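Per TrEMBL, these features apply:
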- 135-167: compositional bias 'Basic and acidic residues' (COMPBIAS)
- 13-138: domain 'PI31 proteasome regulator N-terminal' (DOMAIN)
- 177-244: domain 'PI31 proteasome regulator C-terminal' (DOMAIN)
- 135-195: region 'Disordered' (REGION)
- 207-267: region 'Disordered' (REGION)
Amino acid sequence: MAGLEALYTCVADKIQCPQDAVVCLVHWEMIKNGYRCIGSGDEPSSRDKKSELLPADWSSNKELYSLRYRSSDTDTMMVLKAIAVDSTLIFNLMNSGTNQVSDLMVNISDHVNADQLHTFDSVFRDADYLSEKVKSQLLPRPEKAPESSRREEGESSQRRREEDGDPLRLPCRHPRHGPDPLNPPFAAGGADLDPFGSVGGGGMIMDPLRSGYPRSGFDPSSGIPDILPPGAVPPGARFDPFGPVGRHRPGPDPDHMPPPGYDDMFM
């Protein structure tokens with residue numbers, strides 16, 4: 001196990017009994033899961049500081065071990081206690097903020113060779129098994145996102161995929177200007193090979209009403225007076241205007257009569 005051997009070697013002179021070896025392994029699992037030891041005992045001290053090492057007096061009491069940890073990225077404090085009862089070591093881990101408690105019982109003789117305490121390669125009978133037991137039963141589980149938020153994220157991502165794959169979907173009215181940082185730098189012009197222009201613009205189909213740029217509120221699906229009835233153009237469908245839109249303007253046409261004196265050559 002990476003890191004455990006270095007830690008065990010650092011505290012080898014403090015390991016005098018099998019339970020010391022077990023506490024050392026549990027401490028390393030706490031470190032691997034993002035916690036740092038800040039001291040021993042139950043009460044905070046002015047000398048507290050985050051460290052991956054065990055404090056100097058961590059094994060002074062062979063019947064009751066008490067260590068305090070703090071998360072490396074939050075202020076959550078955990079208090080770890082280990083009580084030796086005959087050949088069993090009972091671990092208790094409490095979150096001081098929420099008072100949530102987890103427990104673990106370890107039969108020392110099943111996991112530690114008492115006559116090999118100063119030989120790391122053979123001191124643990126199965127370090128990986130004991131490590132998994134610590135992680136599954138003692139260490140706090142990472143918080144899961146609420147079921148509702150995960151479901152909403154899944155629906156949102158699925159909706160985006162469906163919209164991106166719909167060639168008849170109207171593009172954004174405010175297109176992004178400039179190159180897409182996600183596109184390769186030498187892919188200029190590649191979007192023109194996509195007939196529908198679904199990747200960063202381009203495309204081979206000209207549609208005046210779906211160019212992506214702001215336009216007036218003209219909606220062909222509502223109909224064109226004296227030209228198309230409402231509903232003749234389905235909503236969102238491509239529509240190529242024919243003839244000037246709004247050509248039947250109310251009032252006189254400025255060109256319906258010649259200006260006064262148009263035939264006077266001296267005007």
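The backbone N, Cα and C atoms fix where each Cβ goes, glycine too.
Curation plays no part in TrEMBL annotations; they are all automatic predictions.
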Report summary line: Confidence over the domain 'PI31 proteasome regulator C-terminal' (177-244), expressed as mean pLDDT on the 0 to 100 scale, is 64
Query - Helix, strand and coil totals (DSSP H, G, I; E, B; other) for the domain 'PI31 proteasome regulator N-terminal' (13-138) - result: 39 helix, 41 strand, 46 coil
